[in-house]
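Student: First the structure, then my questions, so here it is.
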């Protein structure tokens, strides 16, 4: 068996086409959605991610608002930038690019974001609404995973899902999304401290690997015909490596490549959050 590809690049392109139409309709009503970013320092990876987000905005007609601060920016200066975007009517929503330089209080900065402008869907208030099942901006990567599965016809309702990784950006909120009544999956959350990871993975119809441990999910662990999504990012000998070993492609029915799988979907869901926020202001 050679797995079919869960093609995040093509799926994200289709979503951006849909968003372009929705943004054009907003423009006709005099509403111009705007995405803001706060970047502190000059880390090449962070700058690449931010540049990509603004490129995506240009493709669908969303305005860009950038605040770039030096690595020497103080905690107060970063918090002031957050307040600027909170108060800017041209900014529909925004993100603070992480990580911040050492010595800065990331949780305090993120807590200052206006929850209504939380484009990443990771503000404590919005995560709380997710727990309660109320409408709020959704975390981009988990939402992208669900959308990628849905658009490829992978059955989620009733599926046994094993999530490997307990991070706040993927593992923990993904379980909340997948157990909503609209998805109705049964989720097992594993991590690097799980005693018998193979047993949990082997029983899963869907596996999401997001531990940041290269090759933690092997072909021997995976049930034939499962869907496997590789979300982990780490480096081995200076090269990017995912959490899913190559031989998984010979066992699974569906595999998301890394790169080209969940990453493009994360960016597409960020745009989707901005457009949804703008549409709510028009309602």
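For all residues, glycine too, the Cβ spot is worked out from N, Cα and C.
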Student: Looking at NADP(+) binding as recorded in Swiss-Prot, which candidate out of 125, 188, 192, 281 goes with 165, 166, 167, 233?
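Tutor: Record source Swiss-Prot; matching candidate: 192.
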Student: Can you list, in sequence order, the residues of the same chain other than 165, 166, 167, 192, 233 whose CB lies within 8 Å of the CB centroid of the NADP(+) site?
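Tutor: Once 165, 166, 167, 192, 233 are set aside, the remaining close residues are 164, 170, 171, 191, 210, 211, 212, 213, 232.
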Student: Going along the chain, which residues six or more apart from residue 165 (NADP(+) binding site) have their CB under 8 A from its CB?
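Tutor: Within the chain, residue 165 (NADP(+) binding site) has Cβ neighbours under 8 Å at 171, 190, 191, 208, 209, 210, 211, 212, 231, 232, 243.
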